[in-house]
Amino acid sequence: MKLKSLLLRYYPPGIMLEYEKSGELKTKSIDLLELGPSTDVSALVEEIQRAEPLLTASRTQQVSLLVQRLQEKLRQHSDHSFYLFKVLRAHILPLTNVALNKSGSCFITGSYDRTCKLWDTASGEELHTLEGHRNVVYAIAFNNPYGDKIATGSFDKTCKLWSAETGKCYHTFRGHTAEIVCLSFNPQSTLVATGSMDTTAKLWNIENGEEVCTLTGHLAEIISLAFDTSGNRIITGSFDHTVAVWDASTGRKVFTLIGHCAEISSALFSWDCSLVLTGSMDKTCMLWDATNGKCVATLTGHDDEILDSCFDYTGKLIATASADGTARVYSAATRKCITKLEGHEGEISKISFNPQGNRLLTGSSDKTARIWDAQTGQCLQVLEGHTDEIFSCAFNYKGNIVITGSKDNTCRIWR
């Protein structure tokens, strides 16, 4: 085995190794999920080298510099103050969703006007209008980290794949018998998964446009779906109160996670694929062991439905957003509530961590988005200006741009 090169992955922190083994180029990653701004670098490098024979003594200085760069990144943008940069009147009819590409250089909006539009974040200019659907464009996504393709899922029961460069439609995926309400690319960008009101999810091949398999077994609509980091498994959340984990290569169901007593609102894997987090209208989130499908904790405390939930990039923290107007942060290890985010005057429908994991972004029906300190729960900023409820908000990959989408038919860029 011969080491060819070392690459950085900023969020979550890690070092990627490219090496040659019997003539073949391979990659592996060293995840540094515990890395913090004050970690002792030389002790960490020693530990990494003990565990990884490819990193010989001659590489010590190089690895030290890489770890220092990762530390700098964790400090960068972590105390960013956001200002309104642009207001875009994106569509004539209501917006359904907004999504950023990895760098945040452009974003997409879906709408009841049956189109998806691609925008340049820096100028606020419209780059392309993706036309062709015959009903509401509801679910939209970039194939991040690449960002060269866009998938749109519609109430017309089809999903379309587009070029982000030219706006050309590559494929129309047909086969669902009801509205498509969620979709996701796998991390390798070889598959698109779609979830539908017809109770099934389908996997589609990006290259040839063919259906790969149908995930059958839910008894009500699928409203949430996500791949794990490896792309080997996919998770679906349904209005039948259950969550299913599937093998992405065969379409076989691995587990059904049974325990919630109302509709599921969110379902996702932690970064290291060891845990599954599910949120439900039953006012709880549940944490499951992804290796055996057993429930390891129920996160309680909210007085109303959980509308969104997420992990931070490292999988150490969990955040929940509720119709009770509050959000909570829990430790994934102790499963205890660390802090409560109070201040919104309406339900919170969206929550996400910044890449550094020290800030939270929430979007609410009170027409504001807010930035919070993830450890103390203190509200640091109120992003005001929308004239109707905010249903979508997101950080870019660096954590220095925020985008908000509202029922007032505008998108706002904050930077």
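The backbone N, Cα and C atoms fix where each Cβ goes, and this holds for glycine too.
Listed features, source TrEMBL:
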REPEAT    88-129  repeat 'WD'
REPEAT    130-172  repeat 'WD'
REPEAT    173-214  repeat 'WD'
REPEAT    215-256  repeat 'WD'
REPEAT    257-298  repeat 'WD'
REPEAT    299-340  repeat 'WD'
REPEAT    341-382  repeat 'WD'
REPEAT    383-415  repeat 'WD'
Other than its close neighbours in sequence, what residues sit by the repeat 'WD' (299-340), given a CB gap under 8 Å and a spacing of at least six beyond its ends?
11-12, 33-34, 262, 265-266, 268, 270-272, 274-275, 277-287, 346-353, 355, 357, 360, 362, 364, 366, 372, 374-377
The repeat 'WD' (88-129) in contact with the repeat 'WD' (383-415), cutoff 8 A, at least 3 CB pairs, sep 6+:
yes
What residues in the same chain, six or more past the boundaries of the repeat 'WD' (257-298), come closer than 8 Å to it by Cβ-Cβ distance?
12, 31, 33, 220, 223-230, 233, 235-239, 241-245, 304-311, 313-315, 318, 320, 322, 330, 332, 335
Sort out the residues at least 6 away from either end of the repeat 'WD' (341-382), same chain, that have Cβ-Cβ distances under 8 Å to it, and list them.
10-11, 73-78, 81-82, 304, 307-314, 316-317, 319-329, 388-395, 397-399, 402, 404, 406, 408
Between 0 and 100, where does the mean pLDDT of the repeat 'WD' (257-298) sit?
98
